[in-house]
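Q: According to TrEMBL, the protein has these features:
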ACT_SITE  H97  active site, electrophile
ACT_SITE  E166  active site, proton acceptor
BINDING   N12, W13, K14, G172, S207, G228, G229  substrate binding site
Amino acid sequence: MTGSKRCLIAGNWKMNGLLQEARDFIAAFGSNPAPESVEIALMPPFTLLHPMSAQLAEMQIELGAQNVYYEDKGAFTGSICPLMLRDAGCHYVILGHSERRSIIGESNAQIRSKLNASWLHGLEPILCIGETLEQRERGITNMVLAEQLAVLKGAPKNAPLTIAYEPVWAIGTGVTATKEQVTETHAFVHEELTRLGHDCRVLYGGSVNPGNAEELLSCPGVEGALVGGASLKADSFMQIVKAAINVAS
Ligand SMILES: O=C[C@H](O)COP(=O)(O)O
């Protein structure tokens, strides 16, 4: 953890979670007092934002969404706008997740529009970047990350922003990047952000679990984690939060 930026442990539930599961999660997680040194956030599916909002706020857990559309309102069937996310109590929105880039075909231009719309309505984007295994093996990881970060060119310098570096080959695979890979890549991401005029938190994501969290969070330049699978169970998510508390102390 570098500087005075508070470590963030964010749970991305992806397309998982029914109402009863959300209730069970809150009941199990709620008995733990909110730590001072670590910020916690949850990104459930859209259908659970309103139902979870009040209780998460009481537990001092920030709420976030997994995507947003860039128009304010109108005939955009199936889309959710930034104001709707604010209305549901969201502080964060994940943008540019590799699953949206690869499955939905989301482009950097669309991601930039979503960044602008999020900032306009007071949301803090968590911008995801990451290389595929093929790109890493070809030695073009930094080039790919620089291209993805280029969506920040010309963006307001003081706009709230968190970056999540998620090597695509480590997402949901049980394979994590080595400490060396994480340290080296986070150093590059921080350098690139400085060049673009942004001093923001950089999270690591990709198969973070209770067994590897402390090691990953201890790497220089890692200021939190974006957790997928291991955030679905209150117990494993809390263990990751505890690992972050240990690293922060
Ligand atoms: O947004 C979260 C990441 O895609 C990581 O997912 P994972 O922890 O299941 O590998």
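Each residue, glycine too, has its Cβ placed from N, Cα and C.
Let's see these features in context: how buried, what's close, how far.
A: Applying an 8 A CB threshold to same-chain residues 6+ apart, the list for H97 (active site, electrophile) reads N12, Q66, N67, C128, E166.
In three-state terms derived from DSSP, E166 (active site, proton acceptor) belongs to neither a helical nor a strand segment and is classed as coil.
Under DSSP, W13 (substrate binding site) is assigned to coil, being neither helix nor strand in the three-state scheme.
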Q: Counting across all protein chains present, how many other Cβ atoms fall within 10 Å of the Cβ of W13 (substrate binding site)?
A: 20
Q: Can you check which residues sit near G172 (substrate binding site), meaning Cβ under 8 Å from its Cβ, same chain, 6 or more apart in sequence, and list them in order?
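A: Those within reach of G172 (substrate binding site), by Cβ under 8 Å and sequence separation of 6 or more, are S207, G228, G229.
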Q: At 10 angstroms around each C-beta, which of the binding-site residues N12, S207 has the fewest other C-beta atoms nearby?
A: S207
Q: List the residues in the vicinity of the substrate site, defined as same-chain residues other than N12, W13, K14, G172, S207, G228, G229 with C-beta within 8 angstroms of the site's C-beta centre.
A: I171, V227, A230, S231, L232
Q: So for E166 (active site, proton acceptor), how many other CB atoms are inside 10 Å of its CB?
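A: Step by step: centre on the Cβ of E166 (active site, proton acceptor), count other Cβ atoms within 10 Å, giving 27.
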